[in-house]
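Right, one structure below, let's go through it.
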Amino acid sequence: MASVRLVGFGWRHAGRRAWAVRGVDLRIDHGERVLLLGPSGAGKSTLLAALAGLLPADSGEQEGTVEIDGLDPTKARERVGTVFQDPQSQLVMARCGDDVAFGLENRGVPGDEIWPRVDEALRRVGFPYHRDRPTAALSGGEQQRLALAGVLALRPGLLLLDEPTANLDPAGAELVRAAVAGALDPDTTLVLVEHRVADALALVDRVVVLTPGGGVRADGPPEAVFAAHGAALAAEGVWVPGHPTGSRPAVGPPGAGLLTADRLGLPPRLAPTDLTVRAGEALAVLGPNGVGKSTLALLLGGLLRPGVGRLTGTAALADGDTRTPPHRWRAPALAGRIGSVFQDPEHQFVTGTVRDELALGPRRTGRPESAVRATVDELLDRLRLTRLAGANPYTLSGGEARRLSVATALATAPRLLICDEPTFGQDRRTWGELVDLFADLRDAGHGVVTVTHDGDFVAALADRTVTLHPARDEP
Amino acid sequence: MISLEPVAVPGAPLARRNPVAKLAAGLIFSFLLVASLDPVAPAIAIAVELALLPLFGIRYRVLARRALPLLAGAVGILVTLLLFAADRTGRVLWEAGPLLVTSGVLVTALGLVLRMLAVALPGVIVFATTDPTDLADALVQNAKAPARFAIGALAAFRLVPLLGQEWQMLTMARRARGVDAGRNPLARLRLFVSTAFALLVGAIRRGTRLAVAMDARGFDAGTPRTVARRQVFGPADWLLIVGAAALAGGALAVSVALGTFRPLIG
C-alpha cells in the first residue's frame with residue numbers, strides 16, 4: 001500500500017535550460033492504477049524517476065514537493081519497485097532465480113525466507129522456467145517478466161513501470177502485459193508510462209495527462225479523458241485508441257529490380273531465402289522472433305558477407321558494379337546506393353553534432369561542399385531537426401534520434417533504403433512522419449525495405465510482404 | 001574467443017571446494033613456484049597439476065583446448081630464447097649456420113617455459129571449475145570482500161559478451177554510413193579509435209542504466225545484506241590450501257635436494 005502526493009513539483013536536469021517537468025499537482029491513493037500520458041518530452045520518465053527516488057539532489061534542481069506515504073522518495077525506496085525499458089541492462093545475475101533473489105538480499109531478507117519468496121514471485125508473473133535457467137537464454141519478453149518478478153519479490157506498495165514493452169515485439173509485449181495483469185493485487189498502487197494506450201488500458205483505471213512544462217492537463221477515468229482530449233492527444237503523438245492512422249498505398253506499379261537474393265542465407269541465423277527488391281515498391285519483411293529478419297536486412301544492406309547463396313545488385317542500382325556482390329563494395333559506393341537504418345539509432349552516430357552527422361555521408365561520397373550544405377539544410381527541415389542542428393546526437397530523445405538516423409541514410413540519396421524496425425517505441429506523430437517519408441521515397445522511385453513487427457505500419461505502407469519461416473530441420 | 005565459463009564436471013571432489021579456497025590454493029601454489037628459476041621444480045609441479053586434474057573433474061582434452069593460448073605462448077618463448085639468448089654456455093647440442101643451441105640455452109629456455117606453464121595452470125584450473133556467481137558469493141562471505149565490489153564486478157562481467165556484438169554492429173553501421181578505411185593504415189587506425197570510442201560510450205551508458213536498476217532494487221543502500229546462496233568454508237577447504245602449499249614446497253624441496261634449485265633472488 002502506498003500513496004503519492006506531488007505539489008507544484010518540477011525538475012530540471014543539471015546543465016539544461018528547460019525544465020523536464022514542472023508544475024505538477026497530483027494525488028494518487030492506495031491501490032489506484034494510473035496510466036501516465038503525454039507527448040514526447042512531457043517529462044513522464046523524469047516524474048517516474050522522481051517517484052522511484054532515483055533523482056539525486058546533486059543531479060539537478062527541484063521545485064515543489066514529492067512524497068510517497070508522506071516521505072521523501074529517497075527515503076521511501078523500500079516501498080517502491082521499478083521496471084525499466086531495457087531488459088538487457090536491468091538483469092544483474094547470470095541465473096534467473098539469483099536475479100530475483102538479488103533484491104531480497106539487498107533488503108536484508110533472512111536467508112531461509114528468500115527462496116520461497118523467489119518462487120512465489122516467479123509464479124506470480126507466470127515465469128515458465130526453472131530458477132537455474134541462464135538469464136542470457138531468455139527472450140526480451142521473458143527478461144522483462146523476470147525483471148518484474150525481481151521487483152514484485154520485494155512486495156512494493158508502489159509499482160512503477162516505465163514503458164516496459166517499448167523494446168519488445170508484439171508477442172513479448174503481450175507476455176509482459178499478461179504478467180502485470182496477473183500480478184497486480186488491490187494493495188499495489190501502479191503508475192505506468194506507455195505509448196501504446198490501447199494495450200495498456202486493461203491495466204489501469206485512471207489516466208493522467210502531462211503537458212510539456214505545464215503540469216497536469218487532464219486527469220480522470222480513461223473514457224472521460226479520451227472523450228475530452230483524445231483528438232488533441234492523438235495530434236500530439238499519443239497513441240489514443242479510436243484514432244486510426246492514414247494509409248499510403250503506392251500510386252503506380254513497381255519499377256525495375258534493384259537487388260536479387262538467390263538462396264541468400266547465413267546459417268544458423270538465416271535460412272536460404274529468395275527475394276527480389278524493386279524500385280518504387282515498399283517491401284515489408286515479416287516473421288517470428290529469431291527467424292533472421294535483422295540478419296536479412298544486414299545482408300541486403302551489403303553489411304554482412306553471405307554464408308550461402310548470392311546477392312546481386314542490378315544495373316539500375318549498382319551502375320558498373322553488378323559483378324561484385326554488395327558486401328564487397330567500398331563503403332562510399334555502398335552508401336550512395338543502399339541506405340541502412342539500424343534498430344538502435346545510437347549505433348549509427350559517428351560525429352558530435354546533428355549537422356555533421358547529416359553531412360558525413362555526402363562528404364564521403366565526394367559531393368561538393370555547397371551541395372552538402374543544401375542537402376543537410378533540406379533534411380534538417382524535412383525531419384524537424386533544424387532546432388537541434390548543433391546538438392549532440394546522443395542527447396536526442398527517442399523520436400528525434402530515429403528521425404536523425406533515417407535522415408543520415410537519406411543524405412547520400414541512395415536508390416534503396418533498408419530499415420530494421422524503424423517504428424519501434426515511436427510515438428504516433430513520428431510514426432506518421434515515417435510512413436509519409438517512406439511513401440514519398442517510394443513514389444519518387446526508390447526501393448524501401450522494412451523489417452518489422454508493426455502490423456499497422458505494414459498496413460499503412462507496404463505494397464508487398466515477405467514472411468520468413470524457421471528452417472524446417474530446426475525446432 | 002576467450003571463454004571463462006566453467007567446464008568441469010560439477011561434483012568432482014576438488015571442483016566442489018569453496019571458490020575462495022581454490023583461488024587461495026592456486027595463488028599459493030603459483031607464488032611458491034615463482035621462487036625458483038630451475039626446470040625441475042616446475043616440471044614436478046606440472047606433473048602434480050596434471051595428476052590432480054581428474055579430481056577437479058576436467059578432462060585433459062578440455063584443458064588442452066582451454067590452455068591453447070598458453071601453449072602457443074610457451075612455444076613462442078622457447079623459439080625466441082633458442083634464437084636470441086645471450087648465454088651460450090654448455091655443451092653444443094646443435095649447430096646450423098648462425099643458430100647455436102647449447103645445453104645452457106636449452107636449460108634456461110625450458111626452465112622459463114615450464115615455469116610459465118606451472119604458474120599459469122592453477123589459474124586455468126580454478127576458473128575452469130568455478131562459476132563466477134559462486135566466486136563472487138564466496139569472496140563476499142568467506143573473504144569479506146565488499147559486496148559493492150564483488151557483486152558489482154559480477155554484474156559488469158555479465159555485460160562483457162555484449163561488447164563483441166556491439167563492436168560488430170558499430171563496424172557495420174559505420175560502413176553503412178560510407179565510412180571505411182580501405183588500404184590506408186592511418187585511416188584504419190583512426191576508424192579503429194573512433195569505433196572503440198563509440199563502444200566505450202555505449203558501454204558506459206549501459207553500465208549507468210544497470211547501476212540505476214541495481215540502485216532501484218536496493219543495492220548498496222546501507223541495509224546489511226543477507227545471502228541467498230550460502231558458501232561453506234570447511235576443513236576440506238583448509239586442507240586444499242595446506243595441500244597446495246605442501247605440494248609446491250615438496251617440488252621445491254626435490255629441486256634443492258637434486259642441487260638444481262636456483263633462487264629468483266640472490
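All positions are counted from 1 along the displayed chain.
Glycine residues also receive a Cβ, built from the backbone N, Cα and C atoms like all the rest.
Keep in mind that this is a model prediction, so the values were computed, not measured.
Annotation source TrEMBL lists transmembrane segment at B:20-37, B:43-60, B:67-86, B:106-128, B:149-167, B:187-204, B:238-261.
Here the listed stretches are B:20-37, B:67-86, B:106-128, B:238-261, and the one with the most C-beta pairs under 8 angstroms to the transmembrane segment (B:43-60) is B:106-128. Pairs of Cβ atoms less than 8 Å apart link the transmembrane segment (B:238-261) most often to B:20-37, out of B:20-37, B:67-86, B:106-128, B:149-167, B:187-204.
Of the recorded ranges B:20-37, B:106-128, B:187-204, the transmembrane segment (B:67-86) has the largest number of C-beta contacts under 8 angstroms with B:106-128. Sequence-remote contacts of a segment are chain residues at least 6 beyond its ends whose Cβ falls under 8 Å from one of its Cβ atoms, and for the transmembrane segment (B:187-204) they are 159, 163, 166-167, 170-171, 174, 179-181.
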